[in-house]
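Q: According to TrEMBL:
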- B:91-303: domain 'ABC transmembrane type-1' (DOMAIN)
- B:35-62: transmembrane segment (TRANSMEM)
- B:87-113: transmembrane segment (TRANSMEM)
- B:134-155: transmembrane segment (TRANSMEM)
- B:167-190: transmembrane segment (TRANSMEM)
- B:211-232: transmembrane segment (TRANSMEM)
- B:285-307: transmembrane segment (TRANSMEM)
Amino acid sequence: MEEIVLETQNLTVYYNGRPAIEGISLRIPRRRITAIIGPSGCGKSTLLRCFNRMNDLIPSARVTGRVLFEGVDLYGPDVDVVEVRRRIGMVFQKPNPFPKSIYENVAFGPRIQGIRDRRKLDEIVERCLRAAALWDEVKDKLHQNALTLSGGQQQRLCIARALATEPEVLLMDEPASALDPIATMKIEDLMRELAREYTIVIVTHNMQQAARVSDYTAFMLAGEDRVGRLIEFGPTQQIFTRPRDRRTEDYITGRFG
Amino acid sequence: MGLTSRSAAEIYTVRLQRGVAARWREWGELAIQGLLLFAAMVSVFTTLGIVAVLVVEAIPFFQQVSLVEFLTDPQWTPLFAQKHFGILPLVAGTFLTSAVALALAMPVGLLSAIYLSEYAPVRVRAILKPALEVLAGIPTVVYGYFALLFVTPLLKRVVPDLETFNALSAGLTMGVMIIPLISSLSEDALYAVPSSLREAAYALGATRLEVALRVVIPAALSGIVASFILAASRAVGETMIVAIAAGQRPILTLDPRRAIETMTAYIVQVSLGDTPHGTLEFRTIFAVGLVLFLLTLVFNLIALRIIERYREVYR
Ligand SMILES: Nc1ncnc2c1ncn2[C@@H]1O[C@H](COP(=O)(O)OP(=O)(O)OP(=O)(O)O)[C@@H](O)[C@H]1O
Ligand SMILES: [Mg+2]
């Protein structure tokens with residue numbers, strides 16, 4: 001049996017009072033890659049953003065149900081959002097490095113946690129850039145503006161930046177969709193590498209990508225009512241070879257949008 | 001296909017020939033282009049004309065008064081029997097009122113920009129922003145009397161030895177007038193910072209204040225600095241408020257409680273007074289005007305340069 005890190009129980013998210021996803025119950029195993037797939041608009045990003053409470057930033061969003069992280073309800077009364085986001089990192093669809101140096105991008109998280117010691121910061125920056133397979137490419141230009149990097153390098157920098165707060169979970173929302181095939185491959189290799197230490201939840205549109213990198217797959221679909229629901233969850237291999245639900249099969253064989 | 005290749009080519013040539021209508025159209029476009037060029041040139045030529053007048057009138061002045069005296073003499077008394085032509089007291093007056101104005105307007109303007117861009121709910125922003133901009137539309141003469149009749153008496157209660165005409169009151173009032181300029185331009189710069197950067201910072205556990213201070217402001221810094229410089233240029237050139245409330249006494253001082261005279265106020269004083277045209281006394285205003293023009297020109301050029309650089313960041 002897998003050890004569970006994150007769990008949603010009957011999770012529903014409303015935008016302006018209208019549900020976007022409904023009744024999602026899902027368990028994310030530790031040190032595995034879980035892919036969330038489904039057609040556009042079915043609520044994949046909405047679900048992902050519940051895991052680090054990024055939906056808090058959208059005034060019209062309201063969440064009901066529970067999201068348990070190591071058994072603690074993230075939406076409980078005494079929960080410190082800052083701490084949640086530190087321990088559950090996020091990488092976005094479009095690479096979004098700060099217009100600062102490569103070094104300062106990675107040091108951002110540690111700095112706001114109050115780490116000032118230069119040697120400690122140097123050590124964190126190097127470790128995270130290595131973990132994100134970027135160190136060799138940037139070690140000679142750490143103080144150059146991050147925006148001078150290529151898209152693929154920027155995305156790996158964003159991963160390094162997320163790792164610097166020492167999270168346990170990494171949420172990735174279509175992290176490779178803005179990248180070319182070679183940069184995508186590098187990110188996928190990196191994810192496999194990171195999965196030894198981290199729990200990864202990835203949203204992807206790319207079915208091959210889900211099949212290639214993930215251990216578990218969740219398939220979501222919005223019905224006629226445009227409310228996203230979890231259709232099927234299981235080991236990736238089973239979802240892709242012997243789906244239980246007819247709609248999953250239709251989707252992965254390309255008979256759907 | 002009924003057409004041979006030759007007849008198809010003929011049809012093509014015929015169609016390419018310009019008819020009368022096409023020629024008229026070309027002339028029309030040329031005329032419109034000319035009109036637009038003319039409109040654009042009007043402002044360019046006006047500026048050039050102003051500079052030319054300033055220079056031409058200032059030349060005879062500098063033939064009689066040396067540049068060294070002009071720039072170093074600590075007294076400015078062209079209208080008195082004992083004439084001195086040192087611009088320093090006027091520069092000091094301008095500097096003093098502008099410094100007071102900026103000391104008030106920069107922090108308040110920036111803070112209100114941060115509030116509007118990063119904290120205010122959408123609806124509050126939709127009301128507050130235009131309201132602030134209305135402040136900028138109040139005629140400066142109103143601000144001038146406001147300074148003299150309201151601000152100065154109020155300040156007199158708390159500031160000892162405040163003269164009736166003083167740099168402090170004029171400067172503070174000018175600061176209030178400039179706040180919307182800084183707040184509006186800075187807010188544009190802050191608001192233009194992509195929300196993806198804010199999300200990135202929040203996702204790393206940053207608080208709202210940390211997002212504003214460590215991500216949004218640095219990313220918008222050149223826009224903010226540009227707004228400060230434009231505000232400085234505005235303060236240096238402001239005339240009505242200082243002419244009414246700061247006094248007409250060109251003394252070299254940095255004490256804001258005293259009556260002073262700014263470059264702009266001096267120009268007003270001479271222009272409206274009975275100094276005969278063509279005299280050395282009258283020409284002083286062109287020399288002062290030239291200095292003022294160069295100062296604001298430099299400010300504006302710096303601001304433009306900074307804004308340009310800032311545009312490149314998110315290309
Ligand atoms: N901020 C918001 N305000 C209102 N409605 C929203 C908001 N964000 C998302 N929605 C709606 O919620 C539903 C789910 O959106 P979500 O972005 O989670 O889908 P998605 O599966 O990630 O789609 P995609 O694959 O295109 O990224 C959509 O119908 C969308 O219009
Ligand atoms: Mg999405």
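Using N, Cα and C of the backbone, Cβ positions are placed for all residues, glycine too.
For the listed features, I'd like the structural context: burial, neighbours, distances.
A: Beyond its flanks by at least six residues, the transmembrane segment (B:87-113) meets 70-76, 132, 167-168, 170-172, 174-184, 186-187, 189-190, 224, 227-228, 231-232, 235-236, 238, 242, 246, 250-254, 256, 260-266, 287-288, 291-292 of its own chain at Cβ-Cβ distances under 8 Å.
Through the fold, the transmembrane segment (B:134-155) approaches residues 162, 164-166, 168-170, 172-174, 176-177, 179-181, 184, 238-245 of its own chain, all at least 6 residues removed from its boundaries and within a Cβ separation under 8 Å.
With a cut-off of 8 Å between Cβ atoms, the residues of this chain six or more beyond the transmembrane segment (B:211-232) that come close are 98, 102, 105-106, 109-110, 113-114, 117-118, 178, 181-182, 185-186, 188-190, 192-193, 197-198, 200-202, 299-300, 302-304, 306-307, 309-310, 313.
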Q: Same chain, outside the transmembrane segment (B:285-307) by at least 6, Cβ under 8 Å from its Cβ: which residues?
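A: Apart from its flanks, the transmembrane segment (B:285-307) reaches 50-51, 53-55, 57-58, 61-62, 65, 70, 87, 90-91, 94, 222-223, 225-226, 229-230, 232-233, 236-237, 263-264, 266-267, 270-271.
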